[in-house]
């Protein structure tokens with residue numbers, strides 16, 4: 001299992017076939033493989049002292065390549081660190097942070113509105129200039145919406161998910177995480193004992209079993225083989241997520257490690273790395289392929305011992321800017337180019353992979369922006385050292401900086417008392433008085449300075465009275481001042497959330513039928529379905545932040561109308577919160593809000609003439625017993641928005657027809673009409689065509 005040469009007979013057959021038919025690639029453009037793990041800790045590798053013997057292939061990779069014991073992520077959380085890797089820029093520059101709160105970690109949950117900015121230039125976009133074919137396998141995490149997905153940002157191929165395999169979720173306002181094959185959604189993750197809905201990529205939380213790592217491995221091997229046959233240089237961004245809670249492994253690896261499911265996941269990832277390296281050797285392209293292995297942040301200690309890894313001797317873990325949250329395992333491998341069995345003490349960063357990859361490809365980094373990534377080729381080929389600082393950011397705040405062996409903390413914070421009192425601890429068993437604080441502590445006037453060589457656990461700050469402290473402080477201060485003077489923060493991309501952004505795979509027909517099921521019972525039936533790509537249902541954004549932030553957003557949406565409904569009265573309302581459904585006066589208001597709340601979307605109001613404040617648009621219509629006029633605020637819906645109309649009764653269809661006309665006037669798209677009762681003899685549904693009508697009962 002730990003031997004790179006082990007593999008299936010089919011794999012060996014195709015390898016032998018390839019050896020007979022493939023000519024060597026142009027060595028001036030080496031292939032590039034970046035392997036980024038998810039929440040894997042520095043101390044999970046045997047080469048860094050892990051005694052459980054789960055990583056024989058990674059240990060061998062280090063013995064044949066170069067080990068970086070002082071390698072860092074750019075942020076202690078997954079999304080910002082991956083954005084930094086692919087742009088070569090700190091998250092504070094590329095916009096992958098939030099200003100919702102000071103030093104707040106932020107990522108891309110399902111409901112995030114933002115993603116990697118179109119102003120940023122990603123690594124695969126530049127590699128195209130040299131004819132590289134790029135593929136991402138696994139976790140993307142830089143935005144869910146179409147404009148942010150990998151194929152829109154330079155990648156030619158993608159197999160994986162836009163997010164983590166969190167769950168279980170239902171298919172109402174927060175569906176399970178989709179899995180893509182290029183631009184096609186081929187299924188969803190399901191982490192549940194008994195999935196309410198049929199999902200194609202199951203992760204059994206009872207046993208921890210899932211074949212997803214094996215699928216990701218095969219996708220990577222196939223891509224390498226295809227590009228070798230095509231004689232094209234390639235960039236493979238291999239990003240499995242098995243070590244992110246809830247951790248998983250395939251049946252063959254479950255129960256094999258000494259560290260429970262997490263150790264099983266590490267063993268399978270190690271095996272997969274071995275298979276990829278062996279494949280390169282078998283195809284004869286190992287000497288023309290640069291491979292780098294690392295992780296996106298430290299081990300997630302808050303997930304518990306069986307769901308998280310080891311950060312070795314370092315303090316705390318994921319989400320903190322202590323060493324355990326930012327120091328990563330890192331190995332470079334390139335037979336014939338990188339001296340075997342070497343160790344580089346160069347201070348490295350995931351951002352360096354951007355610049356280094358471009359150098360290897362014979363390309364220059366963009367000149368029109370600050371690039372934080374360092375070219376590591378002098379270290380890789382000559383083991384030389386470049387003096388550079390490492391900045392530790394948490395959200396919008398620089399928390400610390402490392403210069404040489406010294407680290408200066410300008411702010412300290414583990415996690416809040418509120419979280420801690422709920423049993424969430426980012427530093428379990430590692431509390432250090434005055435360092436691992438549960439309130440944000442500022443030290444800008446007198447930073448805590450630690451010598452990481454003598455004190456990797458950050459337990460003993462150097463005395464401020466010592467000469468060593470004053471010497472280090474003078475040097476660090478100049479570096480921090482220069483950094484802050486030239487820093488221009490990017491537009492924050494992770495401030496706003498909207499539960500509707502994940503509803504892009506609900507078809508008109510399926511969506512309406514599902515609404516009827518929800519409407520009738522509010523319980524989810526166990527059905528099987530494959531979602532059909534459709535347009536998104538849009539909604540006004542809600543802050544993905546604290547309760548206070550959300551209340552601020554509500555306050556911002558309140559509007560005031562003088563002299564309504566009569567002179568001298570100032571009428572205030574917050575109707576214009578989010579619009580995906582429309583209720584018709586008056587019984588539509590009984591059912592519409594319930595559905596809107598259930599779906600997490602919102603409600604537009606269609607009322608009788610004179611009942612709404614502000615500018616309105618109206619339509620006159622005929623009823624069985626006379627004439628009436630319906631109106632809606634002019635900004636109730638946006639052009640192109642999908643809207644579901646809700647009412648109690650469909651008779652001749654006059655009211656619903658008028659509502660449809662109102663929505664058409666605002667260039668909205670009517671998804672369908674949902675009613676409790678339809679009087680079929682009156683042919684109201686015929687009048688509404690081509691809009692579909694869905695009713696619970698018919699008379």
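Residue numbers in this text run from 1 along the chain shown.
Keep in mind that glycine also has a Cβ here, set from the backbone N, Cα and C atoms.
Nobody curates TrEMBL annotations by hand; they come from automatic prediction.
As given in TrEMBL:
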ACT_SITE  78  active site, nucleophile
ACT_SITE  141  active site
BINDING   38, 39, 78, 296, 297  Ca(2+) binding site
DOMAIN    30-362  domain 'Sulfatase N-terminal'
DOMAIN    583-687  domain 'Phosphoribosyltransferase'
CARBOHYD  211  N-linked glycosylation site
MOD_RES   78  3-oxoalanine (Cys)
Given the Ca(2+) site 38, 39, 78, 296, 297, its other Cβ neighbours within 8 Å of the Cβ centroid, in chain order, are 36, 37, 40, 77, 81, 241, 244, 295, 300, 318
By a 10 Å Cβ neighbour count, the lowest-scoring of the binding-site residues 38, 39 is 38
Close to residue 141 (active site), taking Cα pairs within 10 Å and only the binding-site residues 38, 296, 297, are none
For the residue listed as 'N-linked glycosylation site', the nonlocal same-chain Cβ neighbours (under 8 Å, six or more residues apart) come out as 250, 251
Across every protein chain in view, the count of C-beta atoms other than its own within 10 A of the C-beta of residue 141 (active site) is 29
Cβ density check for residue 297 (Ca(2+) binding site), other Cβ within 10 Å (all protein chains) comes to 32
Spacing of the two Cα atoms, residue 297 (Ca(2+) binding site) and the residue listed as 'active site, nucleophile', in whole angstrom, works out to 6
Same chain, |i - j| six or more, Cβ under 8 Å of residue 78 (active site, nucleophile); the result in sequence order is 38, 39, 107, 139, 141, 164, 244, 296, 297
Per DSSP, the domain 'Phosphoribosyltransferase' (583-687) contains 31 helix, 42 strand, 32 coil
Row residue 296 (Ca(2+) binding site), column other C-beta within 10 angstroms, all chains, value 29
Across the domain 'Phosphoribosyltransferase' (583-687) the predicted model averages a pLDDT of 81
